[in-house]
Structures are given as structure tokens and as C-alpha cells.
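Listed features, source TrEMBL:
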- Phe23, Ser61, Phe62, Glu63, Ala85, Val86, Ile87, Phe118: 5-amino-6-(D-ribitylamino)uracil binding site (BINDING)
- Gln90, Thr91, Arg132: (2S)-2-hydroxy-3-oxobutyl phosphate binding site (BINDING)
- His93: active site, proton donor (ACT_SITE)
Amino acid sequence: MTVFEGNFTQASSMKFAFVIGRFNDLVTNKLLAGAQDCLKRHGVEVDPDGTQVDYAWVTGSFEVPMVARQLALSGRYHAIICLGAVIRGQTPHFDFVAAEVAKGIAATSFQTGVPVVFGVLTTDSMQQALERAGIKSNLGWDYAMSALEMASLMPQILNGKPAALGNGMGNNQSMALPMSSTNLAEASSAEVKSPEIAG
Ligand code: INI
């Protein structure tokens, strides 16, 4: 039988998109820097003027899934990395934003077949968020690693060929995109459910 496993060796032939929330950008800018560092050290040209990585800034985490979905439906990317920071305040607002962004990102990935990384911190304080965005470690790096691995895995699964036999590389040495015409059609016609509104 077959073992499918993502690797990190073909990053220079892949395309990625970031969706980044401006809300708490003290944190999200640091997550972005960590993720860019990881991609760069795996051979990805992260310059926005280059051909490998696009960047979409949105107002806050709540808006992230909508833009991630459109990017996924474009069929242009091997993986999409969503970055946000939802920090608990004095009201239940945190719970609504955190729940919707998590559900929305999961639905986007599930419906489109494009790996969409959940790089949204949900913390009780700014201190906790900063600790995870550079002070102690930078989870941005881990989110980029997840994108690289999943971007390598999905074409193998679609082609039914594990990496050793041919991992989505065509004759032109560019990595096959994960979005098949079938899941593109299904995803674009999928019912879009409105977020739940607090009663
Ligand atoms: N957006 C965040 O990304 N993080 C937060 O902590 C946050 N809080 O707590 O309010 C937040 N709110 C904004 C939200 O994402 C939307 O941008 C806004 O509601 C407009 O739709």
C-alpha cells in the first residue's frame, strides 16, 4: 500500500497566499515575520514583488475566512496561510470572533481542497499573544511549516502518487496545484452559511 507524506524540498516551485488581520497588528506583523522567515529558509521568494507569495490584509480575524475562500477558489495557490490574533477582552466579543474564524477557515479548506492554515492566535492577554509571536517562540514559523508540508502532500493525494514516485511535478518542473476542477465547482456552488448571530 501507499504512504503519502509531505516534504519540504520543492518549496521554490510553489505559490502561497497570506491573509492577515490588521486587528492586533503588533502581534500579526510578528507572526508574519516568523512565517516569512520559515518560507524564505525553505527556498520561497517572499518578496511581494516576486511571483511566489501574495498578501491580503483584512480588517480583523472575522474577515479572514471570506478572503481566504476567494483566494482558494482562484486555484492559484498550493496553500493559504491565515494569520490573526484574537485577544480576550471584557465582553463575549472574543468568543464570537474566535469561533467564526476557526469555523470559516476549516470550512474553506474542507470545501476547496486547498490547505488553509489556521494561524490565528486565541489568547487571554496581549502578553500571551506576544509570547507566541516572538518573545518565547514564534508560531508564525510553525504555521508556514504546516503550509509547506500540506502543499506538498495534497498533489500527491490528488495524483495518487507518493513523493518517491512523483509528487505532482510535471515536465515543466512546476508543482501541481491542489485544487481539482471537481472540488472547484463544488466549492464555488457550496451554500455559504451566515455566521451565527448572538440572540
Ligand atoms: N479582531 C481580531 O482579529 N482580534 C480581536 O481580538 C478582535 N476583537 O477582540 O474585537 C477582533 N475584532 C474585529 C473583528 O475581527 C472584525 O474585524 C470586526 O468585527 C468587523 O467585522
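Yeah, the Cβs are placed from backbone N, Cα and C, and that goes for glycine too.
In TrEMBL, annotation is done automatically, which means it is predicted and not curated.
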Listed binding-site residues adjacent to ligand 1, that is, members of Gln90, Thr91, Phe118 whose C-beta is under 6 A away: none
Neighbourhood of Ala85 (5-amino-6-(D-ribitylamino)uracil binding site) by C-beta distance under 8 A, where only residues 6 or more apart in the same chain count: Gly21, Phe23, Asn24, Val27, Thr28, Leu31, Ser61, Val120, Leu121, Thr123, Ala129, Ala133
Top Cα neighbour of Phe118 (5-amino-6-(D-ribitylamino)uracil binding site) in the set of recorded positions Gln90, Thr91, His93, Arg132: Arg132
Where Phe62 (5-amino-6-(D-ribitylamino)uracil binding site) sits in the secondary structure, as DSSP reduces it to three classes: helix
Winner by Cβ contact number (other Cβ atoms within 10 Å) across the binding-site residues Ser61, Gln90, Thr91: Ser61
Candidate with sparsest Cβ neighbourhood (10 Å radius) among His93, Arg132, the listed recorded positions: His93
Rounded inter-Cα distance in Å - Val86 (5-amino-6-(D-ribitylamino)uracil binding site), His93 (active site, proton donor): 10
Least surrounded among the binding-site residues, given as Val86, Ile87, when other CB atoms within 10 Å are counted: Ile87
Cα-Cα distance linking Phe62 (5-amino-6-(D-ribitylamino)uracil binding site) and His93 (active site, proton donor), given in Å to the nearest integer: 11
Chain-internal residues near Glu63 (5-amino-6-(D-ribitylamino)uracil binding site), provided their CB is under 8 angstroms and they sit 6+ positions away: Gly21
